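Comments concern the structure below.
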Amino acid sequence: MGEALDKEYVLHSYGRNYVQFTQGKNATLWDSEGKDYIDFASGIAVCSVGHGNERLAGAICDQAKKLIHTSNLYYIEPQARLAEKLVKLSGYDMRVFFANSGAEANEGAIKIARKFGESHEGEVKRYKIITLESSFHGRTITALKATGQEKMHHYFGPYPDGFVYAKNLDHVFKLVDEKTCAVLLELVQGEGGIEPQDREGIKKLERFLKERGVLLMVDEVQTGIYRSGELFASQAYGIVPDVITVAKGLAGGVPIGAVMTTLKDIFAPGDHGSTFGGNFLSTRAGLEVLSILESLYQEGTLQKSIDRFSAELRALCVEFPSLFECEVGLGLMRGIRAKSAEIQKSVIDEAFKKRVLVLRSGRNTVRFLPPLTLSEREMQEGFSRLREALKGI
């Protein structure tokens with residue numbers, strides 16, 4: 001019934017698996033037949049505090065009984081408190097704009113870059129934004145154009161001008177010219193193979209751009225909100241970006257996005273806006289998520305989970321050398337590089353048969369994005385099932 005209903009009335013923009021999940025608790029999901037699954041995907045890095053989190057559910061229910069939405073024409077206390085929390089926890093001297101998704105956050109960042117470029121005092125206006133060829137920044141038209149993967153650009157042109165693609169980090173330095181206003185990049189590419197950028201290279205780029213008055217904008221839609229082991233991967237890299245974009249895990253499943261910038265006065269009233277962005281419900285959820293994850297971080301629980309998960313992935317590479325090359329990633333944004341795209345697909349398919357949810361990334365990487373609240377029992381059960389799946393490949 002569910003599959004027929006979906007195919008009849010919902011646009012076919014997703015390659016769905018028609019399992020029907022009905023309930024979840026932390027990193028465990030149950031389907032309509034009562035079968036349990038270990039979730040190493042978190043709804044693509046969204047369910048940062050797991051499924052059915054009582055604290056998050058309580059905060060959402062409490063807020064929903066009071067106010068959900070009034071619009072940004074009026075003061076929204078949880079919005080201001082969440083902005084304060086993000087700024088103070090990061091240690092960055094920034095202000096925050098709230099949106100509803102990662103794509104919207106990146107659109108906001110691009111508008112900041114373009115206004116910054118337009119405001120440049122010189123004969124040549126700056127408008128070019130450099131991104132990487134294997135990047136992914138969203139599916140709205142401008143964010144899609146910022147995405148450097150040519151395969152993503154079919155059918156939807158003409159696109160906005162002004163985007164330039166670098167082959168790699170070293171190539172960025174060669175592309176910066178007098179018309180460049182910003183560089184937008186991911187420190188770990190979620191759709192590009194989970195390969196972290198070189199730390200010294202990023203620091204060198206930060207200095208290079210600062211000397212030339214070009215903005216460094218970091219897309220932390222997937223790496224942000226403790227997924228990297230720190231609040232932001234930028235902190236782990238020891239850099240201070242001019243702009244950071246956030247979404248996915250910030251509200252644990254409630255739609256939210258955010259743009260943080262050191263350009264605290266870049267927007268004037270009317271320059272940018274969002275009807276739903278920063279509403280009472282999403283920002284209250286964000287406050288609760290940050291409170292939960294901040295405690296895990298401070299206690300050292302998060303780092304212990306990262307270390308154990310990484311050790312399990314490395315062990316798989318040793319145990320199955322015919323399938324895997326190496327482990328990649330940062331924090332609990334991890335991957336194992338398969339020896340071929342065919343093996344990658346087989347691993348994901350066989351894992352699902354054993355009721356473990358994992359994802360793909362790039363040409364041949366199997367991606368792991370478990371809830372940051374993942375228990376040791378769930379981790380052990382998930383890897384036990386995964387080993388059984390791999391024996392059949």
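Including glycine, each Cβ sits where the backbone N, Cα and C put it.
Per Swiss-Prot, the features are:
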type: BINDING; residues: Gly102, Ala103, Phe136, Asp219, Glu220, Val221, Gln222, Thr275; note: pyridoxal 5'-phosphate binding site
type: BINDING; residues: Arg139, Ser274; note: N(2)-acetyl-L-ornithine binding site
type: MOD_RES; residues: Lys248; note: N6-(pyridoxal phosphate)lysine
Cβ packing number for Val221 (pyridoxal 5'-phosphate binding site), 10 Å threshold: 28
Other CB atoms, at most 10 A from the CB of Lys248 (N6-(pyridoxal phosphate)lysine): 28
Max pairwise CA distance, angstrom, over record-listed pyridoxal 5'-phosphate binders Gly102, Ala103, Phe136, Asp219, Glu220, Val221, Gln222, Thr275: 25
Glu220 (pyridoxal 5'-phosphate binding site), number of other Cβ atoms within 10 Å: 29
Cα-to-Cα gap, Asp219 (pyridoxal 5'-phosphate binding site) vs Ser274 (N(2)-acetyl-L-ornithine binding site), nearest whole Å: 19
Cβ atoms near Ser274 (N(2)-acetyl-L-ornithine binding site) (within 10 Å, other residues, all chains): 16
Gly102 (pyridoxal 5'-phosphate binding site) - helix vs strand vs coil (DSSP): helix
Neighbour tally for Arg139 (N(2)-acetyl-L-ornithine binding site), based on other Cβ positions within 10 Å of its Cβ: 14
Greatest C-beta neighbour count within 10 angstroms, which of the binding-site residues Gln222, Thr275: Gln222
Candidates Ala103, Phe136, Glu220, Val221, Lys248 (recorded positions) - the one closest to Ser274 (N(2)-acetyl-L-ornithine binding site) by CA: Ala103
Alpha-carbon spacing, Gln222 (pyridoxal 5'-phosphate binding site) to Arg139 (N(2)-acetyl-L-ornithine binding site), which is rounded to whole Å: 15
Cβ neighbours within the same chain of Phe136 (pyridoxal 5'-phosphate binding site) - under 8 Å, at least six residues apart: Thr147, Gln149, Met152, Glu186, Gln189, Gly190, Glu191, Gly192
Cα-to-Cα gap, Ala103 (pyridoxal 5'-phosphate binding site) vs Arg139 (N(2)-acetyl-L-ornithine binding site), nearest whole Å: 6
